[in-house]
Amino acid sequence: MDSFPRSLNPNKHLREQFVSNLPGSSMLEVSALLNNVALLMLLRHTFCSQTVNDACRSLKSYLASVALDYVFIVLPTLLIFTVLAEWVYICMIGLLFLLIFFTAVKRTYSLPYMEGPNASRASISSYRVVTMFITCLCILAVDFRIYPREYAKTETYGTSLMDLGVGSFVLMNAVTSRQARKIKSSMSWWKAAFKSTTPLLLLGFARLASTLSLDYQVHVGEYGVNWNFFFTLAGVSILTSILNVPAEYSGILGSVILVGYQSWLTNGLNVYLLSNERGTDVISRNKEGIFSLFGYWGMYLVGVQVSYYLFFENHTTKQRSKHETRIRICLLTIMFWILTLLIDRYVERISRRMCNLAYVTWVVAQNLQVSED
């Protein structure tokens with residue numbers, strides 16, 4: 001048991017119990033949920049592509065586009081994540097048939113097909129929108145009983161929809177980073193680190209202060225007593241700025257860090273991180289957040305090389321076709337899914353709490369699958 005005094009607010013205890021000790025769901029179900037969102041976006045753009053193209057021409061077109069986004073994407077996703085959760089596979093099959101039907105109907109029209117730099121930019125933008133949308137929806141919905149408990153964050157081992165959140169944000173930052181795009185900064189490393197981490201640290205301390213002042217529930221098993229999501233992003237940014245590796249080699253360094261960290265976990269660190277015992281020092285109070293930085297840092301470095309390989313490798317000489325990029329994404333997705341299943345079975349089960357090797361490969365595989373869709 002934790003050695004720290006607990007709040008006298010009974011509602012806080014009940015809310016903490018509501019999001020604690022959850023086993024999660026299967027990797028297949030999480031994948032099906034995200035495939036539903038991807039299919040909804042494809043269906044919206046296939047069925048209403050003209051409105052999308054004209055959205056920037058007038059306020060009326062823009063409002064119509066927003067309304068269609070809500071009808072075709074936001075509302076159906078909310079329903080699938082809540083009241084239709086038991087029929088997630090049926091929904092996915094139904095949406096797939098609808099997409100095939102509308103694609104066949106639209107084939108008689110000449111729809112614009114993006115190539116070159118605009119194609120990569122559109123793919124990355126869509127990926128960021130999906131990540132942000134799903135994260136916001138889940139954060140707002142998790143406190144209500146209508147949101148299935150198996151989609152909330154797992155306690156120790158396992159997978160769930162919300163377990164993807166912090167990992168997807170780290171990977172999203174890697175995909176759009178200056179390092180992946182081979183853009184050199186004119187500032188020194190410490191100035192660049194200060195500029196990128198200051199907003200995150202301010203948000204982290206603001207969240208810490210607000211939760212303490214409002215006596216808001218904080219599940220210490222996620223990051224620790226004082227740690228939070230923003231401190232994790234800031235820590236990854238600082239480590240990346242200190243050890244700046246070219247994009248074409250960052251994946252190698254990331255893999256070394258991940259393998260070393262996983263070896264440390266399997267040799268006893270995982271027992272320490274999953275235990276409820278905490279000392280009075282800063283490291284012990286925030287052990288999950290501090291030690292998981294190694295996993296997120298490795299994930300970021302792998303993400304930088306993956307992004308460079310897919311989108312920016314030859315941007316100075318020639319533009320890779322959208323078809324070739326899709327093939328590369330498909331091959332990488334298969335590779336990371338195979339690694340995930342092997343590591344989860346023979347090394348250590350997936351754990352977001354520790355950000356172990358299986359969790360990293362799972363996050364990369366799932367995000368590549370969404371971006372492929």
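Note that the numbers count up from 1, one per residue, in the order the chain is shown.
Here the Cβ of each residue, glycine as well, is placed from N, Cα and C on the backbone.
Automated prediction, rather than curation, is the source of TrEMBL annotations.
What TrEMBL says about this one:
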type     : residues : note
TRANSMEM : 20-42    : transmembrane segment
TRANSMEM : 62-81    : transmembrane segment
TRANSMEM : 87-105   : transmembrane segment
TRANSMEM : 126-147  : transmembrane segment
TRANSMEM : 159-176  : transmembrane segment
TRANSMEM : 188-207  : transmembrane segment
TRANSMEM : 227-245  : transmembrane segment
TRANSMEM : 252-274  : transmembrane segment
TRANSMEM : 294-312  : transmembrane segment
TRANSMEM : 327-347  : transmembrane segment
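At the 8 Å Cβ cutoff, the transmembrane segment (20-42) and the transmembrane segment (87-105) share at least 3 close pairs (sequence separation 6 or more) and count as touching. Touching of the transmembrane segment (294-312) and the transmembrane segment (87-105) is ruled out by the presence of fewer than three CB pairs under 8 A, sequence neighbours closer than 6 excluded.
With a cut-off of 8 Å on Cβ pairs spaced 6 or more residues apart, the transmembrane segment (227-245) and the transmembrane segment (159-176) reach 3 or more such pairs and are scored as touching. Within the chain, the transmembrane segment (87-105) has long-range Cβ neighbours (under 8 A, six or more residues past its boundaries) at 29, 32-33, 35-36, 39-40, 42-43, 46-47, 80.
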